[in-house]
Each structure stands twice: as C-alpha cells, then as structure tokens.
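Straight from TrEMBL, the features:
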- 136-190: domain 'PAS' (DOMAIN)
- 206-258: domain 'PAC' (DOMAIN)
- 266-336: domain 'PAS' (DOMAIN)
- 339-391: domain 'PAC' (DOMAIN)
- 466-517: domain 'PAC' (DOMAIN)
- 537-752: domain 'Histidine kinase' (DOMAIN)
- 60-79: transmembrane segment (TRANSMEM)
- 91-109: transmembrane segment (TRANSMEM)
Amino acid sequence: MPSRLTRQFLAKIGLDCAYACAVVAITVAGGFGLQALLAIAPSASLFSCGVMYVAWRRGIAAAIVAIAMAILAFDYFFLPPLQSFAIRAHDVPQLVFFAAAALFVAYLCDSNRRTNQARRGLEVELRASQSRVAEAQLELQQTVDSIPAMLSVYRPNGIHSLVNKTWIDYTGLSLEQAVQKGGTLFHPDDPERETWRQALASGRPMATEAPIRGADGAFQWFSIRRAPLRDADGRIQKWFSIGFNIEDRKIAEDALRDREARLAATERELRLTLDLIPTLAWRTAADGSADYLNQRWLDYTGLSLEAARGWGWISVVHPDDRAQLHDRWREMLASHEPGEIEARMRRLDGSYRWFLFRAEAHCGDGGEVVSWYGTNTDIEDRKRAEFELQRSRLYLAEAQKLSKTGSFAWDPVADRHLWSDQTYQITDIEPRTAVTTDLLLQRIHPDDRLRMINQLGCAKDGAEAWDYEVRLLMPNQTIKQLRVVAHRLRRGDEAGEIVGALMDITETRRAQEALNTTRNALAHAGRIATLGEISATIAHEVNQPLAAIVANGQACLRFLDRPAPDLNDVRGAVEWIVKDGNRAAEVIRRVRGLMTKADFERRQVGLEGIVAEVVALIQNEIHSQGILLRCDFGAAPPVMADHVQLQQVVLNLIVNAIEAMHAVTDRPRTLTIRTSRDETGRAVVAMEDSGIGLPDNPQALFDPFVSTKPNGLGMGLPICRSIIEEHGGQLWATANADHPGATFQFALAPAAELARAAE
C-alpha cells in the first residue's frame, strides 16, 4: 500500500488539479458571458487572471495545470476553428507567449505566497522575544523611575534601552519612541550629537550642556553627564546618562548676551540684507531723488554711489524708455500710491536687460511721504519667453489659417470649451462667444447630429482618442465637411481635458468627388473602347441568334401555309424563335452592363461568375483567333466589389491576351484563366497566355499612355490597376517561367475579412 506521505501527496495533486480545472471552467464561463453581454471577444489576459489566482491560492504545481487547461480551453472555445483542438500556425506564437508569461507570473505569485508564509512565522518568533525583553525592561523601569533627574541607559551602540519616568514626562516620548526619535530631541545645530559620537567611539565619559526639546516642543537647557559600564574584560556593556535642568541659569546668561549683541546685530543684518538680497534695491527722498542704492545695484550698473545719487540713476535707463519711466515716476510721486513699470537697464558690460521697477512710499505719523523704497527685478528671461510665445502663437494662427485647421480643448465634466480663432472662423460662430455643447450641436448637420451626440457621450465615458468626419450646416444653408482628430490629456487619475484639431476638408471632398467622377468616366470610356475592339465578335454573337430567328420564322410560315398545318411543328419553330431571342437578349444585356455608366456600388460577388460572363461574351472572338481557352476555377472566396468594374478588368485582360497572341504562329495559342485563394486568403484571378511576353520594364505597362499596340492609347491597364487598387487589391504582371508568354493577375481581399474589419 502507498505510504501516508504518498497518499497525502497524491491527494494534494488531485486537489490542485480539481482547483485548477474549476478556475479555468469559471474563466471560460466568464469569457462566454463577456461575449453574450458586452460583445467583447475573450483574450488571453482573461485566462492569465485565472492562472494568477490559482498560483496565489494553490502554488506553482496547480498553476502549471491551470496554464495547460487554459491553453486547451482558449484554443477549443475561442480560437478558430471553434470547438476544435486544432491550432493554426499563426496562433502558435500567441499561445507560446501566453504560456511563458503565465508561467512566469505564476512563479512570481507562488514565490510571494511562500515569502508571506515565512514572514508570518518570523513575526511570531519576534513577538515572543519582544515580550521577554519588555518584562525585563519593566522591572528595571520601576527601579529608576524614582530618580529626580532625566536618567537613561544606552546600549554600547548608543541606542536607548531604558529611560525613567522623569525623562518620559519631560520629552513626552515612550521608550519605543526614544529608540526611534531620541536623537531628534537635541537641537540640530547643537554639538552635543558630535560629542556623544566621539564618546561612543573613545569609550570615555563625557559632560556637556545642551538644549533638549520637551513634550510641548520647547527646548530647555540640561547639564548632561554620561559614563560607560564595563565588564571584567573592559568591554562596554552599557552607558548611563543623567541630565539636570539648567534652563533658568541659561536664560539669565542668554539674556545678558542678547542685550549686548542685539543692537550691533540689528545694524549689521540690515546693512547686509540690503546689500545681499538678490535684487537691486534703492531708496529716494520724498521728491524722487535717490539717496541710497544697494551694492548689487552699483555692481550691476558700474556707477558709484555718488554718481547715481539724485537723478544720476536715470542715465542707465535705455534712452527709448526714459521718457515713459520718468512720466510714470512723476505720477506715483503725485498720487503717493505704490506702482510699477517695465524698462531696460544698462549693465556694466553695456548690454541692456529688461527690469521691473517697483516702488512704495514710506509715510510718517502725519501721513506725509518721508521716503520711497523700491526694487528693480530682472525680467529679461520672462520678456524673451513672452516674445517667443507671442511669435509662436502668431505662427500657429497663420499655419491654421493656411491649412484651414482649428484647435480646441474641451472639459467634458464642466462642459468648458476653448477654441482658437480659426475654429470660430471655420464654424462661423462669433469669436469669443461662450461655446457650449448645445451651441455646437445646433451647428451640426441634422443627419450627423445623433452620431455627434454619441461621440460626445463616448468622451464623457472616458474614451481616449477620436478621428471622425462630420458635416456642419452653415447659416447660409451651405454644408461644410470637417475632419476631427482629438485625444485626452490625463493628469494623474483625473479624466483630463480633450484637445484636438478640426480641419475644413470641404474643398478636398469636392476635389475627390470630381476625381471619382472623372475616373468613372475614364473607366466607362475604357469599357466602350474595349467593346469597340470586339465589336465584330459582339455583332456575330447577336447575328447568329437573329439569323436563327429569321430561319425559324420562315419555317413557321411554311408550316402554316400547309393545307393541314402541324401545330407541333409550328410550336417547335416558335420555341426555337423564343430561345434564340433570349440568347440575343442575353448578349445585349451583357454589352449594356459593360456600357452602362452607373454609380459605383460594391456588393458580394463571385469571381468565377464574372469570368464566366465575360468569356461567354467574347467566346467567338477567342475561337476565331484559334486560341485554346482553359478555365481552371478554384476555391476563390467571394469578394466585395463593383460587378461592372470587375467585368471591365477581366474583359480588358482577356482582350490584351488575345492581341498578345495575334502574331504567334510557331506554337499553339493558349489562354488559361484561373481563380484561386492565395496563402494570405485573398481571392486571385490569373490570365496566362502564350503570347509575345513582357517588355524589359513590365511596370511601365501600367503607366498612362504607355502601349505596345500600334494604335493603342495606353489607358487600359492603368484603368484596370486603378479599379483594383480602389477595391483594396493588387494587379501585377509576370513572365511565364516554363513557356513564352505572360501572366496578368489580380488579388482582392475576401468579403468576410472586410466585414470583420468593418466591425
């Protein structure tokens, strides 16, 4: 039988597996819930959360099981093909990355869990040790509390191990707080700390006087004596310290010294303050003439005090600023009110810098002005910054005007809008109008208003970025097309404002519509030209059923001229007439479909059907040229395209292939048309001929007005490439590898992929 440890181990493994399976099952249910309720496709991060939870609760073994189960569940339920364990090649890196990341996170969670368990065990042992120490300290505390002085005991490293009640009452700290904050009781500028460090290092007793902070935050002076307690080997076991309050004595001594030094210090500090403050300071008499300038003012200007006194100081003011400064100074002298003005001052090196002049009157007891005190503050950097800011704003305004772009900021919470001048101009709203969301919505085109409300709602719900187009209905009933791009500026956890730009793309849209109209007209002309090239074939296709109709009609008349007409013969002839009429109508319908000038309309179409329709139209031309046609229709997926435009491309490529084989006489003329799906899933149509091949530069065939035909315009292939590229596809040509000729092919994205991208 298995041992007890083996059974426990197997039981734990079983429980871990069950726990992991349960969590993965819950995660799968949550994934289906997200799909059903919020239409959110589950991602690997959802299963990562489940793996992290298993690792935290059960450890790394259960987490490994959870990772394996999560990969299988994610592949089976949420990766195509659904409900299958088959894994597509491009999904393998994603699953491998998920497994590696999940294993790493599981390892971190398991390590953190084990660390927490170990920490809790150590905390239990620590609390037991602290309890024993507390009992010993309490016994010693009771012994020393009766001493009428501040008594403390230190460990050899200078950390408190015991303080008496007097010490606690004065400092307001407990023993535990003394261990942490005992050093902060002494004034930061007092040398007691250094004296204490030296005593600890030398082991010699010490005596000092130092201020100690009390429980009320006030410092009082103490006479402190400290001495070490040594063991038999001379090693220090403890330090004893006793402190006596000498505050009264110190107050008396300090009062005497303060009275002696106060006057001298005050005079010295005032003089130093005026000379050392980081600004240019001055004083004038009541009439505005200077009688004092500080040393910094003199050092900056290079003038002596004698030269600057009176009105000599004005000589360092820029000549262009003197008159304005003088007038402003006279206004202040007359009004007795404080004031300021900006002006440039000459520096010692002859350069000028901008300064802010500030002055305020000092009045006597009777209210009369005795003197004026002022400062000059260097604002050169600020003035330059203001100039650069003003220039940047001017450049921005001009750039916005040229590009028809306006900027804006919006606070969705307060509904506060900030617009640039160009934004007001684009929206035709009076500048500086208090813009609100309601005012903005009034300018939106009625057909776009609901969509705009939804965009604003997304902004209030926390969306991060926007890029959309909207129409404005202007007061004169004209319509403007705008493109709006914006994103959110976050400040920490706050939602932040939304800043962005709006561009007037009305002219761009009109030009684009004109281009599309021209392009469609050119494509239509190309179809007409192509049909003209095969007009003989089309005429033959129509003449055959018409000739048959005439023959059957004549036969029908002969049947009716008989003395006893056989109605079955008449019916048969009429049926052939109807059949041939429908055949001619079908040919005409196909030709009209290619010649029509309808609007561009995309819908889901099959490439095999389009190729078959064109082949049926041009079948006689192919046979008349002695060309062997092969059609190899593969599993090409349906595409979203305009039916007529794709017919035009196929027809043009077939006609080009026929013409390329016109001069071939030494080998069979073959044309192979294939439809297939390439390795990326795109639908592909390929036309392989056995003609004259490609020129040295095949890409030149797709340039406008480049043709290999004597009378060609060179517009067929450029139009074809334009049509395919408008459909998001690709058209290219390659030389055949194993026989003469060329292959023209185009590829389009499948309709299903475009539908997913639209969602």
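The backbone N, Cα and C atoms fix where each Cβ goes, glycine too.
Curation plays no part in TrEMBL annotations; they are all automatic predictions.
Per-residue pLDDT, averaged over the domain 'PAC' (466-517), rounds to 76.
Here the domain 'PAS' (266-336) has, by DSSP, the following mix of helix, strand and coil residues: 44 helix, 12 strand, 15 coil. Residues of the domain 'PAC' (206-258) grouped by DSSP class, helix first, strand second and coil last, total 12 helix, 30 strand, 11 coil. Counted with DSSP, the domain 'PAS' (136-190) comes out as 27 helix, 10 strand, 18 coil.
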